[in-house]
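So the structure is just underneath, and the comments pick up after that.
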Amino acid sequence: MAISRRKFVKIVAGTGGALVASGTPLAPLAQAQLSTELPPQATGILYDATLCVGCKACMSKCKAENNVPGGALYKKGRSTPPYEKGNLEANNGIWDAPRELSGDTLNIVKLYKNGNAQVKDRAVNGYAFFKQQCLHCISPACVSVCPAGAFRKDPENGAVYYLAERCIGCRYCQLACPFGVPRYEWNSAWPEVRKCQLCRHRQEKGKMAACAEACPTGATIFGKVVELREEAKRRLALRPGEEYRYPIQVVGSKDWTVRGAAHYVAQVYGLKEAGGTQNIMLSGISFELLGFKNNIPNYDLPRLTWAYISKVLWVFFWVFSAGTATYQITHRKKDKEGQS
Amino acid sequence: MIDMTRYAGQTAGTLLNRLLDDSVSRHLGIKLDTPLTRVMISLIALAAVVAGYRLVFGIGAASNLNDQWPWGLWIGFDVLGGVAMAAGAFMIAGAVYILNWQKYKCIARASILNAFFGYLLAAISITLDVGRSLVIWHPLVMWQINSIMFIVALHLVLYLSTLATESSPMVLEKLGWQRALDGVHRIMVGAVMFGVALSLLHQSSLGANYLIVPGKLSPLWYNKHLPYQFLASALMMGFSMVSFETILTGKVFKHSVPFDVIKGLARGIMIVGSFYLVFKLFELVQGPGLMAPFDGSLEGGMWLLEMTVGVVLPLLLLALPSVRRNRNKLFAVDILVIFGVLFNRLNVCIFGVARYNTAFGGDYFPSAMEWILTLGMIAFAVLGFKLCAKYLNLFPEPH
């Protein structure tokens, strides 16, 4: 193949130049990195396990309210919410009995039980309720890992939502979520990923999250994340037994119940976990007993993969530079031979 | 030979005749109708049925994957393993076209084709593994540059095209399309460089996929240098795979490559393998501690298995001059390394996350259909390689 060295260098330089030029649309890369700041109008949920009586009204309301267009469980042509039989023989299908979060269940209340289970919110010989759902990370791993941008974070209220029409179904979000939240429609030939979307469709109409609206005890309250955090801190400062006005449905509500504070574990779950979440939790027993992992890093996870991605264009640059230089050196002799 | 002009018309028939002319490989003595070929064809047919079943009834019906185990055998073996097995191509191509090490030219075509099938295997498997296979092209147009998976998808497509370009001269010279051939030759060096960059990135980005799961992947495997460990082990695998395939084709086809080439590949395994061993031990000491694999757990055992089979044993064997001088013994070393690196990929994908996943009540063992599809994929790659060996000038004689 007769192709002169000079011509070759031209071709490579041209290709490299085109590459760098095509890289210019990637210039706003720096901005592409996910924010680690709480959105200005961020809303969320404070779940206080010591107030929860396990009535599951939140679960029922969640299913009904999300089975409408725009809701996180909506499926075209389905009228009744997707009830789960929960492997119970007597269940005729109208009694919703999910055992875990699933493609049909975005929000679940579970029971912790130990020994004779006599006292609420006690680790030994006690019991406690707890609620699992998406915690709406400030820097969500699912948003950062999705190859097609099917997960998004609302720039205003910070709700992490899902666009099925983009999803390819690779389940990287399931792997990446440190809390194990996203669920898959395994039995569908055209599956979607399901998780709580903080009732984004209701928030657009000025409504609160359905679970908070349904909660009769104030265990689940909705509001601005900043205010929820302050509310949580106030509760942690209470002495056990001290009377406190617990707001119902929303933080700062005019409706409240008065009751003595439980003995809280000195931790607001979701302040630091994975760089902070918009849903936060309080509990009377340690969160690890409730199945919430304690080895979740206290920083935003997307930075781990960003450290790698930010080097990608440099690899092309160095390979083409070093490759061209090497090619010149290794093919010099041959050219001279060809000329002589 | 059948004259295709009788069935396909003059123009198409002539092209088919040229393609199906196996005189280029007559000296290799490749027989197509063998029991092994029949087994492979049945496996491919079975896998095709499974693929159809999976597309119609969904992943839940075809596999044992679940919400706790989103990724299983198809990702761990077909994708992570298949891509690692293809790492030899960019090194050989780089050595021949950029470093100008002409002695490896005789194995360049075969190792590039080998990689092409490795990547094809990965591409088909991931298409079936994603739930919405028909829109698997979404990442290519819906860029999401925070995502390693997006980088992986883009690279997979680009590198598959690059490998096809690098392999195309074999087909073009058979068809006698001189102008296209000249065109490909003109861009060859650029394509090789592009392939080197893509491979470096692709091999490492498969490891980078796991950077986001510090809480899930066992510290035996998780560390912030995981992408570079994936790259190093892929290089080791690449040398072994090329060496394995060179010795194997030398055995089954009547064709022989100078021992010098195989010795060079063995040297590659030694250099990269030694580096990889030190790297792995360094990260072990930095992370969970040197004694962590010896705690009697399943993870510890799998780590020891992977390192013993794939790194320590091959290096010890290669330290013996009698092994380095013997084709058959080097063949055994290659097999050890290949298995070792495959174990590594399965460990990261399956055994390394098992403790976390089962803590949430998930259980996973690949279903029969997952196994069948994987076996069918391997058969497809082997048979495809064999067909190419028969009909294309895959092993140009060293000058």
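Every residue gets a Cβ built from N, Cα and C, even glycine.
Taken from TrEMBL, the feature transmembrane segment covers B:36-59, B:71-99, B:106-128, B:140-163, B:184-206, B:226-244, B:265-282, B:302-323, B:335-356, B:368-389.
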Tertiary contacts of the transmembrane segment (B:140-163) (same chain, 6+ residues out, Cβ under 8 Å): 89, 112, 115-116, 119-120, 122-123, 126, 191, 194-195, 198-199, 201-202, 205-206, 208-209, 211-212
Outside the transmembrane segment (B:106-128), six or more residues from its ends: residues with CB under 8 Å to it: 51, 54-55, 74-75, 78-79, 82-83, 85-90, 92-93, 96, 136, 156, 159-160, 163-164, 166-167, 170, 241-242, 245-246, 249, 257-258, 261, 373-374, 377-378, 380-381, 384-385, 388-389, 392-398
Leading stretch by Cβ pairs under 8 Å, where the reference is the transmembrane segment (B:368-389) and the options are B:71-99, B:184-206, B:265-282, B:302-323, B:335-356: B:71-99
Which of B:184-206, B:265-282, B:335-356 contacts the transmembrane segment (B:71-99) most, counting Cβ pairs under 8 Å: B:184-206
